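A short write-up of the structure that comes next.
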Amino acid sequence: MSEAGSMTEAVVWLTIFVLSVFVGTEVVSKVSSTLHTPLMSGANAIHGVILIGAVLVTGTAESTGALVVGLIAVVLATVNMVGGFVVTDRMLQMFSGRRRALDAGKGERA
């Protein structure tokens, strides 16, 4: 592939990335607060798929540069996925704490 062809391909990929950032920001900002927990759970599942992809790509790396970038991708995907599960767990604990308080209030009245 010529240098001009690879430059054009890089511009296309950069454009797709920038557009996806804008679309993602708009979509997430429009989600109501009651739907954030299911959204986080779905995002965690997607991050798991991304982590598997990063591991597969890193395993087939043929150069040192590709291996380093792959390892960085694996580490960042792992941190992102684990952090997402921690945040989701905290959100669910907040909701379950509220439910326990309501259940305890009903038990006292009976």
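Cβ from N, Cα, C; glycine included.
Per TrEMBL, the feature domain 'NAD(P) transhydrogenase alpha subunit C-terminal' maps to 14-96. What TrEMBL lists as transmembrane segment is 12-29, 41-61, 67-88.
Residues 37, 40-41, 43-44, 47-48, 50-51, 54-55, 57-58, 61 of the same chain sit 6 or more residues outside the transmembrane segment (67-88) yet have a Cβ under 8 Å from a Cβ within it. Mean pLDDT across the domain 'NAD(P) transhydrogenase alpha subunit C-terminal' (14-96) comes to 87 in this model. Residues in the domain 'NAD(P) transhydrogenase alpha subunit C-terminal' (14-96) partition by DSSP class (helix H, G, I; strand E, B; coil) as 76 helix, 0 strand, 7 coil.
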